[in-house]
Amino acid sequence: MAVERTLSIIKPDAVAQNAIGEILARFERSGLRVVAARMVRLSTEQAESFYAVHKERPFFNDLVGFMTSGPVMVQVLEGEDAIRKNREIMGATNPKEAAAGTLRHDFAESIDANAVHGSDSPETAENEIEFFFKADEICSR
């Protein structure tokens, strides 16, 4: 398997729970490495741009409102099969359907406030990483 990178966002609900450390520890325990990270407060424009793929969906405005409601922690994760591994750690989008021990099962409040975001494909990962980080801000290790 190839080493991949994926974008991960710890959303405002999980940040408010002081869950950042535990979430990052779970990534690292699974073999993923954090190679870039920062805390940001997204503007409405940034959130609309980042989630533009969902612009026509009925939940778009609520998503933008939620993602701008507090700070988020964004990080680039690197490792073997990182995209799939991160999505397994996150669990199902709906926390009621997420397996025990997944991030969404343990930290999400609802399908809307679902604790974490992760890229769903190599192409998406590349675009999402470039949205938040310049190449020289990513430090492979």
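Note: Cβ is positioned from N, Cα and C throughout, glycine not excepted.
Taken from Swiss-Prot, the feature ATP binding site covers Lys11, Phe59, Arg87, Thr93, Arg104, Asn114, and the record attributes it to sequence analysis. Long-range Cβ proximity for Arg104 (ATP binding site), meaning a same-chain Cβ under 8 A and a gap of 6 or more residues, is found for Met90, Gly91, Ala92, Thr93, Asn94, Pro95, Ala98, Asn114, Ala115, Val116. When secondary structure is read from DSSP and collapsed to three states, Arg104 (ATP binding site) falls in the helix class.
The active site, pros-phosphohistidine intermediate annotation in Swiss-Prot covers His117. Note: His117 (active site, pros-phosphohistidine intermediate) has non-local neighbours Leu7, Ser8, Ile9, Lys11, i.e. same-chain residues 6+ apart with C-beta under 8 A of its own C-beta. DSSP assigns His117 (active site, pros-phosphohistidine intermediate) to a strand in the three-state reduction.
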Excluding near sequence neighbours, so keeping only residues 6 or more apart in the same chain, what lies with its CB under 8 A of Phe59 (ATP binding site)?
Asp112
With Cβ-Cβ distance below 8 Å and at least 6 positions apart along the chain, what are the contacts of Arg87 (ATP binding site)? List them in sequence order.
Gly118, Asp120
Counting other CB atoms within 10 A of each CB, which of the binding-site residues Thr93, Asn114 comes out lowest?
Thr93
Diameter of the ATP binding set by C-alpha atoms, the set being Lys11, Phe59, Arg87, Thr93, Arg104, Asn114, in angstrom
21
